[in-house]
């Protein structure tokens, strides 16, 4: 199998696996009881992350571009397709139910879930693949025909996902999501090559803290702070994560995932999501070892060239 093909398959797999399975929305046991659930998610998330990466490469490959395009994906999924932005009875609202709802929009939920998708659904899968296959960094994985086929796959899966929910937003509500998506796309095209102008001394710690802050904003801060403050903390966490990449990209990614795949997944197990405390840490250890192997191979190659 060609390296580009392996990279493509891994990228499309990581997006739903990290965001849905290890994120707790699709339980590990559900993959056994409903074996078709993950392929469906794979098609939807996988085609989405492929299109986002392609746009990111073409827009300059900067951190700002990845952040803005990741947010664009979150807006399209939750605001346009799933429509959880607007449904006051959306089952996953949790602590955000009746919190920060403004003019028919679950505003706090919209902001914080967009931040989650920006990182777990888009940025982390792309960055992991870039680290595992550095020779393909910044290179297109799909040509023009691939873009067309991937777009068709995303539209088909999006159509199916849209029919899983019955809530129908008003045209005014829809316009909020559509204008947000358009604004993010235009900003990504203009600023797509820019990196966050900050270099941290401890990228692993900053990556870990940013992951913890995103989780805290979703789960606990709505009980203690007003909506604007909670959304501000979540947004700050997002910026801190992308800033942490300047210090050491691998350490920042591993720090971020150390929270989500170890701490968070153990917490999920404690509240009854069976299998997460095994699958999450094992996935982290596997990724840690693979990234270490890539570093060693790169070091050996440099030494051989001297």
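All residue numbers here begin at 1 and follow the chain in the order shown.
A Cβ is built for glycine as well, from the same backbone N, Cα and C atoms used for every other residue.
As written in TrEMBL, here are the features:
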- 33-52: transmembrane segment (TRANSMEM)
- 64-86: transmembrane segment (TRANSMEM)
- 106-133: transmembrane segment (TRANSMEM)
- 145-165: transmembrane segment (TRANSMEM)
- 171-188: transmembrane segment (TRANSMEM)
- 200-221: transmembrane segment (TRANSMEM)
- 227-245: transmembrane segment (TRANSMEM)
- 257-279: transmembrane segment (TRANSMEM)
Honestly, do the transmembrane segment (227-245) and the transmembrane segment (145-165) touch, with at least three Cβ pairs under 8 Å and pairs 6 or more apart in sequence? no
So, do the transmembrane segment (106-133) and the transmembrane segment (200-221) meet, by the test of 3 or more Cβ pairs under 8 Å (sequence gap 6 or more)? yes
Stretch of maximal Cβ-Cβ contact with the transmembrane segment (171-188) [cut-off: under 8 Å; candidates 64-86, 145-165, 200-221]: 64-86
Same chain, outside the transmembrane segment (200-221) by at least 6, Cβ under 8 Å from its Cβ: which residues? 94-96, 112-113, 115-116, 119, 229-231, 233-234, 236-238, 240-241, 243-249, 251-260, 263-264
